[in-house]
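I have placed the structure first, in the form of structure tokens, so that the comments after it can refer back to it.
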Amino acid sequence: MVDIKQNPLEPVFDTELANIRATRPDPYLVAFNDLDSDNPKNWPERRKWAVTNVLSVTGFNRILVSTVMAPALSVIANDLDMTATQSVMALSIYLLATAFGPLVIGPLSEVYGRKTILHVSNIWFLVWNVACGFANTKELLIGARFLAGFGASAVYSLGGGVLGDIWRPDQRGKSLGWYMVIPLVGAAVGPIIGGFMTYRVTWRWMFWSTSLFQVAMAALSFTTFQETYAPAILKQRAQRLREETGEPYYTYEERTQEEMPLTKVLVQAMTRPLRLLVFHPIIQVAAVISALGYGLLYIVLSSFAELWAQHYGQSVEISGLHYIACALGELLASQLCAPLMDYWFHRMERRAGGQHVPEHRIPLMLMFAFVAPVGFVVYGWCAEYRVHWAWVDVAMCITTFGMQIAGMPLQAYLMDSYPDHTSSAIAAQQFPRSLAAFLFPLFTPQMYASLGYGWGNSAMALVELALEIAAPIMLWKYGARLRARATSSPRSFSSRHYPEPSPSATKTMASEQQLKTTPSNDQDDGMKIIHAGLFRTATKSMTEAYRILGYKAHHALDDVWAVPWSGIEQAAEATFPHLAQLPDYTYKSTDGSAAPRPPFTRDDWQSLWGEYDVATDIASAFVPELIKAYPDAKVVVVQRQYESWWPSFKSECLDTLYRVTALQQFVVRYIIRFRAGYAMKKIHAGFFGADEYSLESVEVRARDVYEEYYRKVREAVPLESGRRLDYNIGDGWEPLCEFLGKDVPDVPFPRVNDRADHSARVKENHRKMTIDALKLISPIIAVLVGVTFYYWR
């Protein structure tokens, strides 16, 4: 075992988990290093395959039950007095549950660990699947199917999470391919069991027999499955060390959630998939691809048994055998795609000079984009003209082959993009996919009645082809940019860096090697100019001026969503120690009490604004610290008369921050979970030495602090040093360009962001937050209302 006292992690800036600093070693911080044998990515392959196989086998029964009813719908409808639509709902509502289940199960597995949630979901699924067999009313059957599907959805959310926990990116293909084999067999076996049970015994035995099998699967899971989620393993290690030594060992999650109510922890976790879906473009693109593809596929699957019974005159038990063709296509695709993914990974990695990015998964999606549309067309016209059943089965095999071989790289893409929140990312993708798989079949009878099998499937093929080409091209071209934007946003889910060893590292497990952070000491990096001008001192105009002169400049209003608010909140706590006495302080001492955050180092400031030549606006509150961190940077001081500055600052900044409605506060705090308000209140309270978060406490100190600020800046950088310029906006280009050694531009000096412009920007941001909140909650409300209305009408 590696000595955990010598294993600091890399700096972390995550909205929810970055409330303590990781740049300095902490003797009680429990973390993995690159060679830790408890790190799931360092497990022997034998152990990895054991966990993968257990998860795959438990998924077999859950997938099987999703299709087991298909051949028996007419019999069940007759027994329970159901309409055709209601019987289809009894089948597809299982899929609706798999839309909502991952939204709960995936995040909970990131709170309590994969193992606990897998065991609970096994029992939950067993109870409600048994209840389906005893259902004597259509309402009970539909309700029990929904609840069984909720438990079964663990196969979707936990599968990607567990594989991401234990396998490296270069092993993604073979692990995904093997994991999918057994569940895909379940999709074919389900209708066969359903058909034969209905014909030979009773349809109720299709549920009872699968429940008996589930008992065996649950027992196997209890005895074999091991915890794979790194934070859960570290938490267990910290607990053991506390018991053995009496020392206050802790993990990141324990520290950040130490005084957080359990309800808040759960709300954070369970809203994560929806926040990913609403705010992360690559999740949205992946969700649209999956939703449309699976929705169209389930249109075909929901009518598949009816095709054989009504148009080919086959019995219930024989019609179920045709589902083997569907599973065969998926099996072939998974086994072909597995080595292709790993081969392509290594090829793209070599071409990129040893660097791997998630977008390397995209070309495989494009290569096979045409396969599923071809299958749809062939299936449709073969069914339309009642050609030999073998051709219909071949067409279905092609269709499912195409869906699977294009879907696996997409899942790997999400696993690579969200290594620490894989379950939540998969849940976010699964939500619209399962909704589509549930809703699309409800309109199948009307579509085929109007268009027939031929033209109906041809139309679906055209839509599928357009999306399968356009979406991957978009991800290939803009994916990296979209990921960078998302991971720098206040809603980001950036890596906590549980070390992922390279293939060579896992073979050379040298126990003396340890993961170390190496601070950057390159003084040429980082800010070239420190702008000492507080809010509402023409910061936006100066930002534009710097850009015209060729500098990369940061201003928060350029893109308020892309500002690293959590990091800025930490900077305020590190700069103004008295904030530890105010509410919502995030840094804790080892005994759990609020304590002043250690001062920021140069590396910490680099994490915030190191990529820019100059930062204005928000950065002005930290100018004394920035002067120390960047001793060679030039300082531009911009000061207004207090009498003209204060009314502008009060009306445009403080009033906007403190005079908001209760509804706006609720939306920002509990739905959007946007950290800007927290950060700005801490900056103002810290900068002005306020003893509470209020406009009044700032106002009484404002004049003295304002004048003291500029006095200290001028003392820190004397005019005779040659590094300071006292600049007035009306002076134009000449003094600024002379100070910075730049030629005078041939354009007027910019004058932007007056009061009216600033107010308009603030209102626009509020409007966007309201729209984001509606996006977040309206799909769930709409689906629940729509399904309820549709069923009860």
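For all residues, glycine too, the Cβ spot is worked out from N, Cα and C.
Under the heading compositional bias 'Polar residues', TrEMBL lists 503-521.
What TrEMBL lists as domain 'Major facilitator superfamily (MFS) profile' is 51-483.
Taken from TrEMBL, the feature region 'Disordered' covers 490-523.
The list of residues near the transmembrane segment (50-76) in space but at least 6 beyond its ends in sequence, with Cβ under 8 angstroms from a Cβ of it, reads 82, 84, 87-88, 90-91, 94-95, 98, 118, 122, 125, 129, 141, 148-149, 151-152, 154-155, 158-159, 162-163, 166, 175, 178-187, 189-191, 193-195, 197-198, 203, 206-207, 210, 213-214, 217-218, 220-221, 224-226, 228, 301-302, 304-305, 309, 316-317, 319-320, 323. Marked as transmembrane segment by TrEMBL: 50-76 (among others).
Per TrEMBL, transmembrane segment is recorded for 88-105 (among others). Note on the transmembrane segment (88-105): residues 65-66, 69-70, 73, 76, 82, 117, 121, 138, 141-142, 145-154, 156-158, 270, 273-274, 298, 302, 423, 426-427, 430-435, 437-438, 441-442, 444, 787, 791 of its chain, located 6 or more positions outside it, place their CB under 8 angstroms from a CB of the stretch.
The annotation transmembrane segment is assigned in TrEMBL to 117-136 (among others). Sequence-distant contacts of the transmembrane segment (117-136) (same chain, six or more residues past either end, CB-CB distance under 8 Å): 55, 58, 62, 65, 80, 105, 108-109, 144-145, 147-148, 150-154, 158, 204-208, 210-211, 214-215, 217-218, 221-222, 225.
Sequence annotations record features per position, and here TrEMBL assigns transmembrane segment to 142-164 (among others). Here the transmembrane segment (142-164) has long-range neighbours at 51-52, 55, 58-59, 62-63, 65-66, 86, 89-91, 93-102, 104-106, 109-110, 114, 117-118, 121-126, 128-129, 131-132, 135, 172, 175-176, 179, 183, 228-229, 411, 414-415, 419, 422-423, 425-427, 430, 434, 791, meaning same-chain residues at least 6 beyond its ends whose C-beta is under 8 angstroms from one of its own.
The transmembrane segment annotation in TrEMBL covers 176-199 (among others).
What TrEMBL records for 205-225 (among others) is transmembrane segment.
Positions annotated as transmembrane segment by TrEMBL: 276-301 (among others).
Panel annotation: around the transmembrane segment (362-381), residues 293, 296-297, 300, 329, 337, 340-341, 344, 348, 391-392, 394-403, 405-406, 409-410, 413, 453-458, 460-462, 464-465, 468-469, 472-473, 475-476, 479 of the same chain, lying at least six beyond its termini, place a Cβ under 8 Å from a Cβ of the stretch. If you look up TrEMBL, you'll see 362-381 (among others) marked as transmembrane segment.
According to TrEMBL, the transmembrane segment annotation covers 387-414 (among others).
Long-range contacts of the transmembrane segment (459-476) within its own chain (CB-CB distance under 8 A, at least 6 residues past either end) are made by residues 282, 285, 288-289, 292-293, 296, 299, 359, 362-363, 365-366, 369-370, 372-374, 376-377, 380, 406, 413, 451. Residues or ranges marked as transmembrane segment by TrEMBL: 459-476 (among others).
If you look up TrEMBL, you'll see 773-792 (among others) marked as transmembrane segment.
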Discussion item. Using Cβ atoms and a strict cutoff of less than 8 Å, what residues sit near the transmembrane segment (387-414) while being 6 or more residues removed from its termini?
Written reply: 160, 169, 172-173, 176-177, 180, 184, 282-283, 286, 289-290, 293-294, 297, 300, 304, 307-308, 312, 322, 324-330, 332-334, 336-338, 341, 358-359, 361-362, 364-365, 368-376, 378-379, 422, 425-426, 429, 468, 475, 479
